[in-house]
Amino acid sequence: MSAPAQPPTEGAEGAAPGGGPPGPPPNMTSNRRLQQTQAQVEEVVDIMRVNVDKVLERDQKLSELDDRADALQAGASQFESSAAKLKRKYWWKNCKMMIMLGAICAIIVVVIVIYFFA
């Protein structure tokens with residue numbers, strides 16, 4: 001049988017196995033990954049802050065729009081009631097005018113009948 005395989009020995013600390021150029025020490029790699037992760041977290045936090053600001057701004061605009069819609073609804077209701085009152089007023093004026101016109105026509109007919117048949 002052959003001799004058991006031994007793991008390659010590293011010449012210097014942080015040297016790559018197989019005799020290649022030495023890689024960064026494991027502590028540096030984890031620091032770099034930690035920094036990248038922190039940068040990503042900061043980026044996400046910034047994006048979330050912007051999103052929260054936009055949501056608050058949108059909420060304020062919606063609140064203002066709701067207030068304006070309520071005011072418009074109140075104005076429309078007031079307009080509707082005043083228009084109904086005005087319509088009724090002019091309907092009665094029109095009725096009075098028709099009654100007066102009918103009375104004048106009746107008087108003219110009576111005068112003509114009396115004039116010709118008397």
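Using N, Cα and C of the backbone, Cβ positions are placed for all residues, glycine too.
Per Swiss-Prot, these features apply:
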COMPBIAS  1-15  compositional bias 'Low complexity'
DOMAIN    33-93  domain 'v-SNARE coiled-coil homology'
MOD_RES   Ser63  phosphoserine
REGION    1-36  region 'Disordered'
TOPO_DOM  1-96  topological domain 'Cytoplasmic'
TRANSMEM  97-116  transmembrane segment
Problem - Model confidence over the topological domain 'Cytoplasmic' (1-96) (mean pLDDT, whole number) - result: 85
Handout entry: Structural state census, the domain 'v-SNARE coiled-coil homology' (33-93) (DSSP three-state)
Key = 61 helix, 0 strand, 0 coil
Exercise for the section: Mind giving me a neighbour count for the residue listed as 'phosphoserine'? Other Cβ atoms within 10 Å of its Cβ, every protein chain shown. Expected result: 10
